[in-house]
Amino acid sequence: MGSDKQKLVALAVVVALLGCVATICEASHGFPYPMTPREKKTIPALGLGLAFDYYKDTKCRGVEKTVRRVVKEEVDRYPGIGAGLIRLFFHDCFVEGCDASVLLKATKDNPQPEMLGIPNINSLRGFEVIDKAKDALGEECREVVSCADILAFAARDATVLLGKVKHFEMPAGRYDGKRSLASDTLPNLPPPFADVATLKAMFLEKGLNTDEMVVLSGAHTIGISHCSSFGSRINASNPSDMDPNYASELRAKCNNQPTNTVNQDFKTPDDLDRQYYQNVLDKKVLFESDAALLSSSDTEGAVKEYAEPSGKWEEKFQEAMVKMGNIGVKSKGNDAEIRKVCGSVNY
């Protein structure tokens, strides 16, 4: 077990040194168990202290409208930032829980926060959007609305804008964490070379089942990635793992330059849609962790289901985003606060 973990960490270092850009990708993809039976649509049980319309009885009851305006302005200017916000939310929740710990910047006392962890450095985007939203709320809300809630709202709004779907409710009431360590990232963020058993286990550890893992993997339908994260696949000797024509196209685009980038979804790169699942079936996906979804009967069945134009994936993705937002929620106490500035703890 120890040697396997050391090997996983060593591989992650090599793969992620040049980083990833955009959404839930590369050194993050995400969680040996069968899928739970599909149920009728239900609202996930809310985490400690969370509630829908949490700020309605405060002087900051317009927080969601303000965040939505800021996110729309930024996404309209550059659609890729929407993918970044979704990925930022994922990377926050999977390390220390949904507590905005990923937003904390390096300081003399803590020179290596999460944002400088191998899966995150030079790859996460959207920090400035969260800061703009915090500032837009005004001084009266600076000590009322948490950065963790702003990030959750922003990821929800990016999902709606890129997915062209109806608005859905995201509960709030999260407090901001004070712990943020780069060393916590590798053990918690699934790597791009993960096999299906690893993906299932890592998601399950966060309270997300196999079906939700497949659903959230669909976020790989937006964003871009550095060639360094999948170079071994396009030069692999096993042609059955990737469509040979697709591999040839990627080799040409990467041109032996690890820092070159390509779209994660070659067909509809700016739309949060079900195209990812068809790409998996066609063996036209970038990461080993994407291709691994066909290696297990339960995940392969889910991929085939979500590739169909039924609208089921879009609904499931919204539900999974809400459930992910419940991970490790912190309440007021010694380990949490409402940050006045999202990049630093209060003093």
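Keep in mind that glycine also has a Cβ here, set from the backbone N, Cα and C atoms.
Keep in mind that what you see is a predicted model, and the values were worked out from it rather than measured.
Residues or ranges marked as active site, proton acceptor in TrEMBL: H91.
Look at TrEMBL and you will find D92, V95, G97, D99, S101, E114 tagged as Ca(2+) 1 binding site. Around D99 (Ca(2+) 1 binding site), taking its Cβ as the centre, 29 other Cβ atoms fall within 10 Å, counting all chains.
Look at TrEMBL and you will find P190 tagged as substrate binding site.
Cβ contacts within 10 Å of H220 (heme b binding site), excluding its own Cβ and spanning all protein chains shown: 29. The feature heme b binding site is assigned by TrEMBL to H220.
The Ca(2+) 2 binding site annotation in TrEMBL covers T221, D265, T268, D273.
Taken from TrEMBL, the feature disulfide bond applies to C60-C141 (among others). Cβ neighbours within 10 Å of C141 (disulfide bond), excluding its own Cβ and spanning all shown chains: 20.
Spatially close to C98 (disulfide bond) yet at least six residues away along the chain are G47, F89, D92, A148, L151, A152, R174, M324, G325, N326, I327, G328, V329, judged by Cβ distances under 8 angstroms. Feature annotation from TrEMBL assigns disulfide bond to C93-C98 (among others).
Positions annotated as disulfide bond by TrEMBL: C147-C342 (among others). Within 10 Å of the Cβ of C147 (disulfide bond) there are 28 other Cβ atoms, across all protein chains.
Same-chain residues at least 6 positions away in sequence with a Cβ under 8 Å from that of C254 (disulfide bond) are, in sequence order, C227, G231, I234, N260, V262. The feature disulfide bond is assigned by TrEMBL to C227-C254 (among others).
Marked as domain 'Plant heme peroxidase family profile' by TrEMBL: 49-346.
Marked as signal peptide by TrEMBL: 1-27.
The site 'Transition state stabilizer' annotation in TrEMBL covers R87. Around R87 (site 'Transition state stabilizer'), taking its Cβ as the centre, 28 other Cβ atoms fall within 10 Å, counting all chains.
For C342 (disulfide bond), the count of additional Cβ atoms within 10 Å of its Cβ stands at 21 [all protein chains shown]. Closest in space to C141 (disulfide bond), of the binding-site residues given as V95, G97, D99, E114, is D99, taking the CA atom of each residue. Among the recorded positions C60, D99, S101, C147, P190, D265, the ones whose Cα sits within 10 Å of the Cα of C93 (disulfide bond) are D99, S101.
One way to see the shell of the Ca(2+) 2 site is to take the Cβ centroid of T221, D265, T268, D273; the remaining same-chain residues with a Cβ within 8 Å of it are I222, K267, P269, D270, D271, L272, R274, Q275, Y276, N279. When Cα-Cα distances from C60 (disulfide bond) are compared across the recorded positions H91, V95, S101, H220, T268, the shortest belongs to S101.
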